[in-house]
Structures are given as C-alpha cells and as structure tokens.
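Engineer: Take this structure first; my questions come after.
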Amino acid sequence: MPYLRSVANNKGRWGISNTRVPTESRPGHVAIIAGFYEDPSAVAKGWKENPVDFDSIFNQSSYTWCWGTDTAGHTHKPKTQNFLTTLKYVDEGIKDIEKLIRDFYKDDGRTTFLMTADHGMTDWGSHGTGYEHETKTPYVLWGSGVEKIWGEKNIDQETNTMFYEHRFDLNQADLTPLMATFLSIPVPVNSIGQLKPNLMNLTLSNKAKAVYSNSRQLLSQYNQKRLDVEANALSILYNPYKPLDGRKVDELLHFTEMLLKHEEYEQLIIFSEEIMNLSLLGLIYYHNYYQTPLLITITVSFLGWITYLLRILMEQSVFSQIDVSNKKYQVTANVYKTVDKSILGLSIFTTILSSIIIYAQSLPIQYYIYFNLPIFLWYHSLSPIELWIQTYNMFIQRRHFWTLIIGVLCYTLGSIAIGFSFSYRWVLSIPLLGISLWPTFSRFKHNIKTILYWSWPTGCLLLSIFSFSPVVGKDVFIELVFLGGFLWLLVLLYHVWFIFSPHTDNEHGIRDVILSIVHMVILTIALQIIYIQSKRFAHGAPISQVLQTVCWFIGALLPILPLMYTRKMNNRILGINSSTIIFYLLMSVAHEGLFIIALIFNITCWMYIEFKLLDIGNKEIIDCYFESDEKRNQKHLTSFERSISSDDFRRAFFFLLYIVLSYFGTGNIDSLNSYEVRWVLCFTTSFQPFLITGLIVMKTLSTQLSVACCFRAIQNLTKAPIGYTHIIVLIYSNIMGLLLLYCVTNTGSWLEIGTSISQFVIVQILTLIIVLINQLAKLLTYVDIFQLLIKLFKNRKKYV
C-alpha cells in the first residue's frame, strides 16, 4: 500500500494496534469506537450483538459513513495476487477519500485521519483466535493535531520499509480516547483505553488536561465498581483493593486538582498516568472479587464428592465384616450415633449461617448452591462416622498398609498426569511408563510366559512414543497407513492358521475362520482403495465415486461382522478389533495407522496378562466365553457379590488411561482446525461440515470402543462388579476435573479460553461417555446374530 506507507513515513505516525480476542469484526469495532474488550460470556450471542447498550465515539457524532471490502482475505487468502490487487485498490480508495474531504473543506487543515483494522488474518484466511497474525493490526495517523517526527530516520527492523522513529505501538482500546481527544468530546464511559500524548501535537497544558480527563474517566469507572461491591459486602468480610481504597481515591483527586490549579503539567501527566494504571488494576480486582471464594467452595465440593464416592465403595466391604452381635460393638454404636447427630447439627448450623451471609450481600441465587453444596456433600460423606473408623481400623491392621498408601498416591498422581495430558500430550508417556512395570510386582508373575511378559513393557514404550509425535494434520505419510494395514493382515493370518484352525472341529470354529478371512479380504480391498484414491488426489485426478460407494458399503458392514463371531472371548475381540482397524485406516493419512495397531496390541496384552494373573490352572483364554450380566448373576445367586479390591482400582485406572490415550494419542480437538480433506477422502470430497465432523468423531469413538470391549472382557474374566468399577473411574475423572478447574481461564486468546473450558467440560462428561461406550461394548461382545436368527426361525416355525 504505497500511499499509506508514504503518509506514515513522511507526514504521520504509524504503529501496531494490539487487539484482544475474539479477533472478529464486531468485537474489534467495539474496542476501537468504545474502548472496551469483549467479555467471553458474549460467545453465547455468537458475537453478533452486545448484551448491553454502550457508549461510543459514534454516539457523539453527527454523521458516520461505512464501506464494506471483508471477502477478499477469506476468498483469495493473504499473500495471493488477487488479495494484493485488492489492497492496492483499497490504498487508492483511501487516497481518493482523503482528497474528497480536503477539497470539501477547502483544505483548512482541521481534519485528522486514522486508518486501522478490527483484526488481522492468518495466511490461510481465518481469524477469531489469538495467533499473532490475527492480534497485530496496523494503524496510520495523520493530519490535524498529529505529532510529526523530524530529524534522522532509520528503517524499522520488523517491517523493513517503515521508519522506526515514526512508530508507536499501542493497544486497540487506546484508539478510543485518542479519537475522543482529537474531536474534543468526552471519552466513552466504559472505555479502558489510555491516551498516548506522544502522538498529539498539543501544548503541554492541553496534553496534561487531556490525560487528566482520561484518568478521571477511568477513576470514576473504577470507583463505581468499588462502590457497587462495597454496598453489598459485609464489613467483617470485605477486603478492599488497598492501593486505591476510598480514602486514597479522595486524596488523589484532591492532589491532581491542585496540580492542575498550580499548572504543574508535567507532574499532572505523571500522576494521571499512575491513576489510570491503578484504576485498570482495581477494575480487574473488583470484577474478579468473588472468584477466590467460589474456587474454594467448588474445590471443597469436588473433594466432598470424591469422599462420598469412596464411602460407597467402602460401605459393603467394611460392614460385611462387622459382628453386630458383639456387646462391645453395641456400646460403641451408641457413641457413633451421637457423633452422627453432632455432624448433622453442625451441617444445619453452617448451612443457615452461609445462607444468611449470602442474603445479606444480595448475591445471585446460584451462590446458595455454590456455598451450601459442599456442606451437603461432606455431611453425606462423613455419615455414618462408624464406616470411616472401621475402615481406618481395617487398613491399619493390614500387613501391606504402606503399599496401599503408595498405591493411592500413584493413582492420584497418575490421574493428575492424565489431566495435564489434555494440554500437554507428552505427559501421557509418564503413566504409560509407570504401568509398564505392573507385572513385575505381581505375585503370580511366574504364570506369564516370557514373550507376553516382555510384550507388555514394549507395547507401553511404543505407545508412549506416539505422545511425542506431531499432531495429525496436513502432513501426509500414506506409507505408514499401508504398514499398519499389512501388520494387521499378518496378525489375522497368524490367528487363522495357528489359533483358529486347530479348533475347526465344529461349525462354530469354522464360522470364526470364515469371518476372519472375510476381514482379511475387506482389509486388502480397503488398502487398495486408500492407495488408488491417494494417488488420484496427489496427481489432481478425479476421485472415484465408485470406490467411495464401496467404502460406504464397507463402513456399514464393519459393525455387523463382529456380531457374527462366536462369543468365544478371544475370537470376538479379534473381530471387533479388525472392524475398528479397517474403519480407522480408511480415514488415516499418517502415523495414526501405526498408532491404532500399537494401541490394540497393548490392550490385548493387558487382557492376556490379567487372565494369567488369575492363576486358574491350565485353562486358556481361548476357552473363555462372554457372558451376559444376567447369566453371571444367576451363577452367583448363592454368594455375595465380591467386594472391590485394589486390583479393581488398577484396572479402572488402566481403562481410563487407554480411553484418554485413544483420543489424544495422535492429536486433540484442536486438530479439527487443521482439517485436511484427505482424512475423509475415501468417503467424500465435498465440503459437508456435519458429515465430515461425524466421520471424524466416529473414527475417534471406534478406538475407544475397542478399549471398552477389551475392558469388558477383563471384567468377565475377573468377575468384577461393573457398577463399582464405574464409580472408581468417576473418582479418577473428578481428580482430573479438580485439576482442570484451575486451568480454566478468561484471559488470553479466545483459543486458550475456549480450549480450557472445553477440556473441563470433557472431563465432567467423561464418565457418562464411558457408560455409553460400555453399553455399546456390551452389545458388541454379547449379541450373536446367528443365535438370534436361529431363535427367530424356531419361534416362527412354532407359530406356523
């Protein structure tokens, strides 16, 4: 833009106007003309409208004109020839508009010109987040009242074409008081912009008065917020902003008025700028005044909920061991009841007290929930107190008490590490390397064959490597997808030849062999389709619609094939994993083709080792079958359901780790921002956001489904109480949620804000997702299509 460069370098000033998020049009306009930044809560409006009316520069103007040229960057992308042509056209348009205005006013020299932008744009034509290309916008200021620079001029290192001495960077909101000063109008009341007097060609007295006026506007805004909080706060609980409390506000006002009266303008500028800085910090303090107590109450609620879940787990195992006929127990039971009544009384008193405090401060109604919920949770967690005393006595008497403490510490730290992995994928390698040592500490490790014993740490090490790999995005290495497919073909060949073939003495064994061969054929066809479509795309040739139709047919067939296998545990799991891998590979472009193989290899080793550690003699896993929950209950009607053991805590932790790993192993939710059409090349090439998102979500859920089916197999083998296992998973996820609660932010880029909120929400609904996935796993592992058809045929024949 040669004209604007010439203006900025010769008769004006220029610089970077640093924006805040969201870097979108309307929030940027508000920051420029009103001087305040968007509150993140306005995302509910989609940034289309501000939730409240606001004062602005335009409110005090007689006329404003607007032109719109927004499509060029989105359509043509920055740095393209079409975009550069548009910039040149805009540059010439600015020159024409300036000439038109100067001619109309007969060039009286009383017009000030400001050119700026509401936001920037990435090289791929997007905006809205916090990348530097989006938050750095230019401004050029020239005309009446603008301070010019004389003397020697040096080239600015960042731009290579602009003069460094003419540069002055500021915040986007600072443009509002600058424009207000040039127009001699009041600064908009909600503005948080700070006037930069160095840009204005004014006398010292006028500069001081302008800065003083800006400081009074910010101080009054701060003071009103302070008074609003003080009006409702209880004096015994109130904690003021000490650098600028009510007394200091009065003192500063009196002192600056005295400086103005005595015409000490340099001192007035210094003190006014200090008042502005203190006022802005004070605004932040009072905006977040209740943040700390709210965080404390939510934290206490989390801890109370976790304790309550532990109480549920301990209830059955502890009370089943108490001898209620013992006279000594009957005496202590009365003491326990007294303590329980005391806890109830204390809880009621605390609830009433907190409600009175909330009412006295006129706080919103939701505060009653925030402050009373922890009381409710902790009352139900601690009562009956007998349970905790008996639990403590039982643990103290155990020989391996310190082993238990170390286990609790490891699971807690492991859950925290999984929580951190939402932001830093490489942290997943820490719990993976930790669980790789698991079989070493088992007393039945002698039952594990050498090859299986070493396969487990090898698999954990391979999976940990993927947590350091780049997020799957625009880089394509289709050869790694083929390698993953060929490895699974070898696995299927091995099972058919060495495991299934010796058991083909009945129709059920033959069925599994045939279905495994069908899976091999489908996998071969899928690899061929991946090869053909990727080559066509790379050479710019049309994508085969016929092959895409074949892929849709394969996608519909894959969920049905595992249901045709027998309910032999090993065979059904192989069928489920084969369908998962084929579907996953059809939407893979790089190393995720190897990731799915490594993941399934690792969870299969987990299943085999769990079986071996049961120490049930010569029985092999090939002889085990999936049983329905009803059938398992019928078998054990005569005995109590076994209580939760320390092994169940370990299994639940492994399960949660694999669920998170299957989601974050090759990327995370941010990878959708780097969408590559090759991901869904085998299914569609047209841009259909809902269809594409659905396919990507199904790809992610397919890996989690494989993990859930493997976990269900382990639950069948170990006869674990499924409901209690879900409670353990809920405990771990709440530990993660407590960590991510403190990672939620309302500052920084909108990408950072949105990601922190979404991660916290994902953790909160993680247990619900796991329950739903387990229900799907139940169908995949138990339903037998052939038996259903046989029953249907018999019933039909009976009625005929």
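Glycine residues also receive a Cβ, built from the backbone N, Cα and C atoms like all the rest.
Heads up, TrEMBL stuff is auto-annotated, nobody curated it.
Keep in mind it's a predicted model, so treat the numbers as computed, not measured.
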Engineer: According to TrEMBL, which listed range is transmembrane segment: 267-285, 343-361?
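Structural biologist: When 267-285, 343-361 are checked in TrEMBL, transmembrane segment belongs to 343-361.
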Engineer: Out of 166-183, 652-669, 670-687, let me know the one TrEMBL marks transmembrane segment.
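Structural biologist: Transmembrane segment, as annotated by TrEMBL, spans 652-669.
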Engineer: Using DSSP, tally how many residues of the domain 'Sulfatase N-terminal' (77-160) sit in helix, strand and coil.
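Structural biologist: DSSP composition of the domain 'Sulfatase N-terminal' (77-160): 28 helix, 15 strand, 41 coil.
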Engineer: Let me know the model's mean pLDDT on the domain 'GPI ethanolamine phosphate transferase 1 C-terminal' (282-749).
Structural biologist: 86
